[in-house]
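Below is one structure, written out as structure tokens; the observations come after it.
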């Protein structure tokens, strides 16, 4: 939450620092006001704060109070992470009122067709075929009833729900089921791994809304979500289920679209066998997935005109059939025909609902591929081009069926004028390949989001464009999807059985989107409760009816998809469950600051030149692996930085906000905490030298800022953690370089009165008061020499095992399944291509 924007000195608008809101009882109002005023007077230069409290990780949780409550603003406790977070300027925002550029508009329009609407555009190839396979045609009323059902499904699902509502639930332009989950995580602590720090709320991407009186209901919803472990697990379970269904949808889409497009050969060439159709479909899919990596960066420009031609063909063929067979099909706009349709044969009409939903497949792909284009472009293209062409196509097919009621198979290809059959057949196959690729790209985006949020094993991600970070390619997933698509085609061999599975996958994702958008309406948008309930009840009711119809066809092909989705769900659940236990184990085993002070005077370990980067997943405390280094190695580096690579629930973290620093223990320890923050769209494959350079630059800026802040305080305001200096020694190494060395290790020190080379960092012994300006120069010089000596990554590679007294399924999941996934996935730090000579790994066995 943020406070209202306030005018800047330049005359523009800037965002004020975020403020905390909480409920307090009426009798506590005066006390809260006094506390808030006192906290505001302290300022933002405290060096302890919540980060230094080892046993107070959840100190920002609100306490329950009895009696009447009201919402007030309070000032949160601030540490150095908060100081840095407040000083970061807001992310540059795009101007919503850019000058109109016709060329750019047309270019984006063509790209939108290819990337966003490819899947929904091929619905006319198979919708009526699958519907009338379950509901044979017995008269004109059946055709009009089925058409009316298709038309209103198109209007309600893709148009009203997705294009007009769900698209606005994007996460800073990012769409998909995980984008909805990350948006909720950013506004409420619902993640099961609670390693969020206060300063992340001050990132530019976290500033989402202004406080209003309607916040009261939103805060109640937030409190309910944060206080209930059951709701947290339910939200995570739903997003994992939705993701498994979405990936399954991406497997079925290529199989269904290519198979239905190639089946047109049976109309153009009589006596074409189904075996020929299957072989050609398999060959096209192999070519498509083999070229997937090369098509990613150029697909919008190359294939946009092809989709434009395809939609024009749909509209043109529809107009041709309407003019040839008459406008009788327009009667289907009367919704009474749906009632008549169900009245004649309710059971068969209910069975046909699964096929009817195929006209709306691709609705989720519209939202998932939103990252490439502005919302307005997607809305305009759908309303002005896509929807009219689809409506004309279905009207034309219905008009053809009214005149030829026995031609209920291959309806689309049978309705094509004979003179243009083969050109339309080629365009249809090209459109089917584009639709397949649309879903594959959407799966890449979804998996990247789930990997960043810790819900899927880390995989190799290739960025195919230097200009657009959203264009990615995941090799393992690409070949896995190809094998799965070929398996579905060879197993079922016809579009009817594949269509049954298609409807189940699409509906599973739609239901999850309805639930999450409803939560966003309550928590973030703060809609009127009547609007929220209207949206939730209407669409959930419709989707459950469609879903029940699709499930009735489980025996005809849906069983394979359910097994496939269950395997994916199990993989994601085991990975998240094991990661949660691993994180909890690291938090329990971390070393306290007091223990570090006790270890320092007793180990006798020397400080060697160089920079030691201790990589860990925890954001507070000293990781247990560092204790093993201290007790096992005769020397450690002169500067130690505890690095935590954090995946925050935002799409992009700007470079100026990438690193946060804080000093661990007192100044002479030369130990720092660094949090490197990445969004789920950020590219993490930086070279290790680039990462080190950016980290050291950020560390130097932090030390300079710290010196300025502390020099402005009086002696009494200095942090109590700053302990009085003690003598130190300056030791010359055999190679002539100088480094600080203490026996005992890590004790506080001050330099002798002799002239100290710039390699050391300390304060003159004769000056009892810390000279921050002089100390700054010496410490920066010390960092410079450590940089020249090189950096070594100290990496923990733990072995996670279940305790002996654990239940059987936990042992099975942790000791075998999670261990297999962890041993075959990439670690976050390994994405930097660190040379083996600069890396030191230690294996620890942790029992969870």
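Keep in mind that glycine also has a Cβ here, set from the backbone N, Cα and C atoms.
Quantities reported herein were computed from a predicted structural model and do not represent experimental measurements.
Residues 532-551 are the range that TrEMBL records as transmembrane segment, among 212-231, 532-551, 592-611. Within the listed segments 74-97, 146-169, 170-193, 626-649, TrEMBL records transmembrane segment for the stretch 146-169. Per TrEMBL, the range carrying the annotation transmembrane segment out of 23-49, 347-373 is 347-373. Ranked by Cβ pairs under 8 Å to the transmembrane segment (307-327), the stretches 234-256, 347-373, 380-400, 420-447 are led by 380-400. As a quick check, the transmembrane segment (347-373) and the transmembrane segment (557-578) miss the bar of 3 or more Cβ pairs under 8 A, pairs 6 or more apart, so the two do not touch. For the domain 'K+ potassium transporter C-terminal' (609-844), the model's average pLDDT works out to 70. At the 8 Å Cβ cutoff, the transmembrane segment (532-551) and the transmembrane segment (146-169) share at least 3 close pairs (sequence separation 6 or more) and count as touching. Below 8 angstroms of C-beta separation, residues 114-119, 121-122, 125, 174, 176-178, 243, 246-247, 249-250, 253-254, 257-258, 260-262, 264-265, 267-268, 284-285, 288-289, 292, 295-296, 299, 303, 306-307, 309-310, 313, 317, 362, 364-365, 368-369, 371, 412-413, 456, 459, 470, 472-474, 477-478, 481 of the same chain, each at least six residues beyond the ends of the transmembrane segment (420-447), sit close to that stretch. Remote same-chain residues near the transmembrane segment (146-169) are listed as 120, 127-128, 131-132, 135, 175, 180, 183, 329, 332-335, 337-338, 341, 352-353, 356-357, 359-360, 362-364, 366-367, 370, 375, 378-379, 382-383, 387, 390-391, 394-395, 398, 510, 513-514, 516-517, 520, 535, 539, 542 (criterion: CB distance under 8 Å, separation of at least six residues from the stretch ends). Among residues of the same chain six or more beyond the transmembrane segment (234-256), those with a C-beta under 8 A of the stretch's C-beta atoms are 119, 126, 176-178, 180-181, 184, 190, 192, 225, 281, 285, 288, 361-362, 364, 368, 435-436, 438-440, 442-443, 446-447, 450, 455-456, 481, 484-485, 488-489, 492, 495, 498-499, 501-502, 504-506, 508-509, 511-513, 515-516, 519, 561, 564-566, 568-569, 572-573, 576. Non-local neighbours of the transmembrane segment (557-578) in the same chain are 192, 236-237, 240-241, 243-245, 247-248, 251-252, 450, 454-457, 484, 488, 491-492, 496-501, 504-505, 508, 550-551, 800, 813-814, 817-818, 821-822; each lies 6+ residues outside the stretch with a CB under 8 Å from one of its CB atoms.
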